[in-house]
C-alpha cells in the first residue's frame, strides 16, 4: 500500500467537505429569512369599538371580586376551598350589553355602553341557600351592583341547581377514599389492589331522578394515562345533597353486574365468597393500550404551512381583520368561543355567532353509563379551554392568544395560548375552470380562509371549535370531536350498548349534539325568513305537445311565524333557507344569507322523558325566533343539575310570533352518533367526527366578491404563463423560497394544573 494514500484520501475528503459547505452556504444565500410586508388595513370596523365585546381583563376581574367582598355584607370564602355550606363567588364574566345599546354606539354615534361584569354567587351560608347573579359596574372601578336573578329567571334559583365546584368534587373524592372505601378494606385491597392512589373517578350527571336530588354515580377506573378506558367494574352512588359533608352517604354500590346496598354489604358478600370477581390486570402508569405515546420512531417531518411575506390578517386586542372580513371575539366561561359584529366589505353580516351547548347522552348496562347526560356548558366550555400546541392543535406559526378566566377561585387565571388565529390554505381551489373549448384559458382562485379556533377539554372529550371565514363571503361554524371515549366495565349483555374495545372495556354508545346561536343582520336588523326549494311539474313540450316533460321549478315561501320556522330533527327542511333583507341586489333579488347545516343527528332523547324540556333546543335542526334580550341563550348552566325543572326551556321561545321583517335569531343544532369501536383506541380521531353549519351569501352580492381577491390566477394560451406579471404562481420559486422564522417551541399547559 502506498504510504501517501491515506494523506491523499484525507485531502480529498477535506476538499469535498469544503465544496459541500460552499454549496450549502450558497443555498443559504438564496434562502434568506422571510421578511414581512406592510399589511393592507381595510376600513372594516373600528378596533376601539370592538372593545365593547372584549372579555374582562384580569385586573377588572380582581376589581369585581374586591367590590363584592366589601359590599355584600356577608363573608365570601374562596371557591377553591369552599364547602357547600359556604358563600362564594363561582364565576365572573363579561356582561354583554343589550344589542340596542351596542348598535347605537357602533352605528349611531351614541354613548359607549357601561362596561359591566356578571358574577355568579353561591350562598350556602344562609337560612335559605340560593344561587344569585349580580351585574357589577361600571368597570374598571365598580360602584354599583344589582341582583338580576329574579328578572332573568322569573324567580329565585334553588341551591341544588348549582354546578358543582371543583372543591365539591375534591370533597367527594376524599369521602370515597376515607369513608366509602374504608368500609370494604378486604375487597378493595384484594380485588382492586387499592393503595389510595391507583384509582380514578369519573362523575355522572344529572344527579338523580327528580328536582332536589344531588345523588351521583361515580365510576372507578385504574389511575393510569387514558384512564377513561380502564374501568375496574366498581361504581358507587353517593348522596351529597346535604350541605353538611359529614352527612354524605353511600346509597348504592354496583360491581360486575350486581347491586349492593352499600360498601359494607359488598365487603360482607366478598368475604363470604358470594361475589363473582373479575380481576382486572394491572395496567402500567402509561396506560399501555391507552397511551398516546407514538408507537413509531420519528421520521421525515410532516408538511408545515408558513406565510412567506408575513400574516395577511391582523389581530389587535379582540379585533380581527382579514381580506374583507372583520369581527370581535371573546370567550364565555360557560359557552366558550363567541364572535360579535361580523362584517364583510364593511357591512355587518351577523351581530353574534356563538356556541350554546354540547350534549352527550350515553347508554350502558352499568348505572353510571346509562344515567349520563352531559350538558357541557354547565362544566364550562370556556373554563376548560385547553392550552394549544403549535404545530398540532394549530399551525406552528398561528397567532396564539391568551385569555383570562375567573371561576372556582377568587383570583383570575391566565389561560396561555387558549385561542389561535391563522390563515389556512385548504389545498383546493375556491373556484376554477380550465377552458379547452373555443378560447383556451385557465382561471382559478386558491381557497385560503381565516380560522379562529379554541379547543375545550371537558373530562374525556376534546371539542375543536372553529369559525372559518372564506373569501366569497361565507362563514363556517364547525366542531370536531376527539379525546377518549367514555367506557363501562364489560359484563353480561354489554354488547347491546357498544363495542368491546379491550379485555374488560365496553365503549359505550352515545350521541353528540351541539347548539349554536346565529344572530344574522342581513342588510340591517330587520329580516324575514324565506325558503326556496325545487318541485317537479308536468308539462307538455311546446314544440311537441304529444310529449310530456318533468320540469324542475323553483318553489318560494316566506315563513311568517316561529312555528313555521321550527324544523324538527327528522323533518324535511327546505334545501335553501335564508335570512332575507329589505334591500335587493342589482338583479332585483332580495339580498340574503343562506343557512346550510351539516349534521347526522338522530333523536336527542324521547320527548316523554321528564328531563327533555331542559334540552328541548335539541328537538330542532333549525329554529328561527324573534330576537329578545330576555332570551339570550338556548339553555342554562343550571339545567344540568335540575333538568326536571329547567331554568331555561328553549321550547318556550317558540310561541308562533310573527317573524316577518323582524330582528331574527337562528338556533342551529348539529350532531352525530358515536358507537365506539376498536379504532377509538388509544383515542378518538377527528376524521368523520365533524359537524356544523355554513352561512353563504345568497343574492347578497351582484357577483362573487372573491373575484376581487388578490389571489386570483388567470392566463391564456397566448400568454407567457411563466412570467410573474402574468401568473403570480410563477413567482413562487422566488417569493416563497425564504426560510420562515420558526420561534422556539414553548408550552405552558402544565402550569397551575391544580385548578383550571
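Note: Cβ is positioned from N, Cα and C throughout, glycine not excepted.
Taken verbatim from TrEMBL:
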{"type": "ACT_SITE", "residues": "376", "note": "active site, proton acceptor"}
{"type": "ACT_SITE", "residues": "461", "note": "active site, schiff-base intermediate with substrate"}
{"type": "DOMAIN", "residues": "76-144", "note": "domain 'Copper amine oxidase N2-terminal'"}
{"type": "DOMAIN", "residues": "163-257", "note": "domain 'Copper amine oxidase N3-terminal'"}
{"type": "DOMAIN", "residues": "305-707", "note": "domain 'Copper amine oxidase catalytic'"}
{"type": "MOD_RES", "residues": "461", "note": "2',4',5'-topaquinone"}
{"type": "TRANSMEM", "residues": "7-26", "note": "transmembrane segment"}
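Here the domain 'Copper amine oxidase N3-terminal' (163-257) has, by DSSP, the following mix of helix, strand and coil residues: 31 helix, 29 strand, 35 coil.
Of all Cβ atoms in the shown protein chains, 23 besides its own fall within 10 Å of the Cβ of residue 461 (active site, schiff-base intermediate with substrate). Between the CA atoms of residue 461 (active site, schiff-base intermediate with substrate) and residue 376 (active site, proton acceptor) there is a gap of 10 Å, rounded to the nearest whole number. Cβ neighbours within 10 Å of the residue listed as 'active site, proton acceptor', excluding its own Cβ and spanning all shown chains: 24.
On the 0 to 100 pLDDT scale, the domain 'Copper amine oxidase N2-terminal' (76-144) averages 97 in the predicted structure. Residue counts for the domain 'Copper amine oxidase N2-terminal' (76-144) by DSSP state, with H, G and I taken as helix and E and B as strand, are 12 helix, 27 strand, 30 coil.
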